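Below you'll find the structure, written out as structure tokens, and then a few comments.
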């Protein structure tokens, strides 16, 4: 997969945003880390897919509610309502990126250590239902 330099930086910014957001959660919802994670994540998405596609992605009719929740949650985090902002922003992230969860689960199943765990007959139906993976009834 060939990426331009801007897209490589976008991947780094997105990953950094994810890490800062995760560290913000681990430090009991630290406002600065959560806000920095949001900013880095948005910059990363912008650099990866470009300005026009970013605008189209966030303003699709089926993604508007997720976009609104994400932005309201980020705004509440900036206003020091970090826990409520985190909950609302998480709902927005699910609304925006919920379609990708099936792809993520399939990718994780191809990994050496976690793949057999996610493919175990007792765990696989639960993970498939949570991720929205459609399985043929055969």
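Any Cβ shown, glycine's included, is placed from N, Cα and C.
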Same membrane side per Swiss-Prot: residue 3 vs residue 94: no
Mean of pLDDT values spanning the topological domain 'Cytoplasmic' (53-67): 95
